[in-house]
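Straight from TrEMBL, here's the annotation block:
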- Lys19, Arg20, Lys21, Cys22, Gly23, Lys24, Asp25, Arg144: ATP binding site (BINDING)
- Asn173: substrate binding site (BINDING)
Amino acid sequence: MDSTKAPELPRVLLLLSGKRKCGKDFLADALLKRLGPNRAQIVRISEPIKRHWADEMGLDLGALLGDGAYKERYRKQMIEWSDARRREDYGVFCRAACRTIDREICIVSDVRRKTDVRFFRETYGPARLRTVRIEASESVRGARGWTFQAGIDDVQSECDLDDGGPWDLLLKNEHADGADELLARIEKLILD
Ligand SMILES: Nc1ncnc2c1ncn2[C@@H]1O[C@H](COP(=O)(O)OP(=O)(O)OP(=O)(O)O)[C@@H](O)[C@H]1O
């Protein structure tokens, strides 16, 4: 492949960002169900990070990738380790995660840094990107299991995109029965 040319797939890259427990994975999974696995796929930048940690430490990769309490035990260490790698190459994990792209629509469900957005813009070109910021109040996130943790909620991985807009869509994911409307708005953004 000519390395100066952007790859043909995906046609659209949907970048989802937002704070812990705002519902990035929930909305990504529900969107994938609507679009279907032949057309769309979910890519997680954290996947190669978690894979490395699971291999090194003999941990359960499935549980690290899930939304249970297990991943929280290792979150801080993974942030610190991965930030050190990013200082040498900001695209290292985005590039590794993108190796699995083989669908028309790619949903990146854990965009956390300005350099993540930069990587996708530089690699695929701005016309294919759709950026979505998901918000939920602290009380709603708390009801979903979030509690403030120093070293996690006040560092770059959580705060770098607080001023990362303008976003193509800004969504409030607060109500359990409101997801269909949010999904319809995302779908319109992708398909228009
Ligand atoms: N609209 C919704 N309706 C019902 N449940 C929701 C909704 N949004 C999120 N949740 C639930 O809230 C919890 C946290 O959501 P999720 O794991 O998607 O957050 P996240 O932003 O991916 O968090 P993290 O950054 O920690 O990975 C999950 O149990 C999820 O099922």
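Quick reminder: no glycine exception, Cβ is built from N, Cα and C everywhere.
What's the neighbourhood like for these features in this structure?
The 10 Å shell around the Cβ of Lys24 (ATP binding site) contains 24 further Cβ atoms across the protein chains shown.
DSSP assigns Asn173 (substrate binding site) to coil, not to a helix or a strand.
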I want the residues beyond Lys19, Arg20, Lys21, Cys22, Gly23, Lys24, Asp25, Arg144 whose C-beta is within 8 angstroms of the mean position of the ATP site's C-beta atoms, in chain order.
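Close Cβ neighbours, site residues excluded: Gly18, Phe26, Ile134, Ala136, Arg141, Trp146, Asn173.
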Check the DSSP secondary structure of Asp25 (ATP binding site), expressed as helix, strand or coil.
helix
Fill in the CA-CA distance, Lys24 (ATP binding site) to Asn173 (substrate binding site), as an integer in Å.
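Each residue's Cα considered, Lys24 (ATP binding site) and Asn173 (substrate binding site) end up 9 Å apart.
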Validating a neighbour-count step here. Other CB atoms within 10 A of the CB of Asp25 (ATP binding site): how many?
17
If one measures from the C-alpha of Asn173 (substrate binding site) to the C-alpha of Gly23 (ATP binding site), what distance in angstrom results, rounded to a whole number?
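Checking the Cα atoms of Asn173 (substrate binding site) and Gly23 (ATP binding site) gives a distance of 7 Å.
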